[in-house]
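Asks: Features from TrEMBL:
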| type | residues | note |
| --- | --- | --- |
| BINDING | Arg98, Asn152 | substrate binding site |
| BINDING | Cys174, His204 | Mn(2+) binding site |
| DOMAIN | 199-413 | domain 'Glycosyl hydrolase family 4 C-terminal' |
| SITE | Glu114 | site 'Increases basicity of active site Tyr' |
Amino acid sequence: MSNTKGLKIATIGGGSSYTPELVEGFIKRYDELPIRELWLVDIEAGKEKMEIVGNLAKRMIEKAGLPIDVHLTLDRRAALKDADFVTTQFRVGLLEARAKDERIPLKYGVLGQETNGPGGLFKGLRTIPVILDICKDIEELCPNAWLINFTNPAGMVTEAVLRYSNIKKVVGLCNVPIGIEMGIAKLLDVDHSRIRIDFAGLNHMVYGLDVYVDGVSVKDEVIEKLTDPANSSFVKNIEGIGWEPEFIKALGVLTCPYHMYYYKTRQMLEKDMKNADGEGTRAEVVQKLEKELFELYKDPNLAIKPPQLEKRGGAYYSDAAVRLITSIYTDKRDIQPVNTINNGAIASIPADSAVEVSCVITKDGPKPISMGDLPVPVRGLVQQIKSFERIGAEAAVTGDYNKAVLAMTINPLSPSDTISKQIVDEMMEAHKEHLPQFFKKIEA
Ligand code: G6P
């Protein structure tokens with residue numbers, strides 16, 4: 001990385017509707033993060049969207065008066081060549097595939113949950129071979145780059161990169177922890193900068209072991225507030241339906257919105273089934289939202305991130321991404337929660353596995369802060385999801401059908417091996433074109 005030349009960023013999945021978030025973040029932090037080139041790269045199917053969002057990015061940068069060149073390309077290798085940071089935000093099979101991930105399990109009376117649930121398994125099976133291919137290109141074309149992955153299931157994907165690629169400079173990133181920090185700051189009516197949370201767990205399975213304002217623990221007060229249903233989710237894509245006060249107080253740690261699926265499975269299933277028969281699954285709602293967003297993005301007079309983007313679940317995504325990249329670049333040594341190799345920080349998880357944990361962010365990447373053992377009430381569920389992530393990643397790499405059935409069965413949202421196999425079979429067929437690793441085997 002050279003201060004004189006400025007930085008090159010390559011964003012894979014550049015046609016995503018979230019790109020203006022990222023660009024807004026780069027603009028805000030330009031003083032600390034002198035980017036010279038932003039390369040948006042996508043596949044043919046995403047070309048039109050990339051052009052629309054890329055032109056908006058150009059207008060945003062022009063309005064800010066910054067010397068950042070925006071390149072739009074379908075040539076991933078050209079985008080990666082000598083990049084300093086590679087961000088990945090792609091969706092294999094687009095939102096149509098997510099809709100299947102969410103809908104098919106519902107037919108069997110099972111939640112789809114597109115990240116750590118049955119749907120997430122299939123998202124992982126589609127995504128992992130692609131990210132590993134990207135890793136090979138990174139090794140060859142920009143071996144010193146940091147890979148910052150937002151693609152879900154971010155935990156399973158980070159696990160796969162750590163285990164099955166030669167890339168060591170990888171960080172998995174999510175907006176949930178920053179969303180929780182912001183939400184709690186609002187609940188307590190204090191500035192976000194005064195809040196610190198000790199995060200520990202896995203992506204979308206992370207807990208706040210303690211929470212401080214100016215270094216003083218306010219955990220009990222915050223847990224009390226979490227018992228109000230209005231405060232039980234901090235992201236737009238999951239409606240908080242409230243915790244039983246007895247449960248959340250005895251749990252003794254802060255939950256993340258995705259815990260609703262695991263501790264309130266029946267109610268969430270009923271809600272998702274109702275939605276599926278009404279306004280549609282979340283993917284279907286997002287498809288409509290995306291249409292509106294891209295219509296707005298087309299407006300040649302628009303040169304800011306439109307507020308409508310805040311209806312998406314990824315709020316604060318740019319803050320999380322750009323503050324991470326900035327801290328690596330400037331060796332800031334501030335504390336941020338990210339997905340990285342555990343290295344013993346959480347005693348209950350293998351040292352070589354990916355965890356989501358508060359880290360000190362240095363020029364050599366995130367250094368996880370030691371959290372000791374996870375408290376007994378949450379340890380089992382975290383370990384179960386870690387097993388799911390590991391077996392899911394292994395199935396994605398090997399194309400082993402039995403391992404896919406195993407991963408589905410050990411997911412806490414699945415009720416049985418038989419139902420898991422039925423769901424796997426239907427989803428394999430539905431996603432066939434994006435799962436060549438399984439079909440090559442079966443046909444051989
Ligand atoms: C969350 C998660 C992301 C996820 C997003 C979905 O907050 O952290 O991992 O991709 O929301 O939002 P959407 O608007 O696509 O449903």
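Glycine residues also receive a Cβ, built from the backbone N, Cα and C atoms like all the rest.
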Asks: Based on a Cβ-to-ligand 1 distance below 6 Å, what subset of the recorded positions Arg98, Glu114, Asn152, Cys174 would you report?
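Replies: By the Cβ criterion, which requires under 6 Å to ligand 1, the hits are Asn152, Cys174.
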Asks: Check each residue in the chain of Arg98 (substrate binding site) that is at least six apart in sequence and keep those whose C-beta is under 8 Å from its C-beta; list them in sequence order.
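Replies: Within the chain, Arg98 (substrate binding site) has Cβ neighbours under 8 Å at Arg91, Glu114, Gly119, Lys123, Arg282, Ala283, Val286.
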Asks: Which number gives the other C-beta atoms within 10 angstroms of the C-beta of His204 (Mn(2+) binding site), all protein chains shown included?
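Replies: Neighbour count, Cβ to Cβ under the 10 Å cut-off: 25.
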Asks: List the residues of the same chain that sit at least 6 positions away from Cys174 (Mn(2+) binding site) in sequence and have their Cβ under 8 Å from its Cβ, in sequence order, or write 'none'.
Replies: Phe150, Ala154, Asn203, His204, Ala320, Asn339, Glu356
Asks: With every protein chain in view, how many other Cβ atoms are within 10 Å of the Cβ of Asn152 (substrate binding site)?
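Replies: There are 23 such Cβ atoms around Asn152 (substrate binding site).
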Asks: For the domain 'Glycosyl hydrolase family 4 C-terminal' (199-413), what is the mean per-residue pLDDT, to the nearest integer?
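Replies: That region's mean pLDDT is 96.
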Asks: Once the chains shown are all counted, how many other Cβ atoms turn up within 10 Å of the Cβ of Glu114 (site 'Increases basicity of active site Tyr')?
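Replies: That number is 25.
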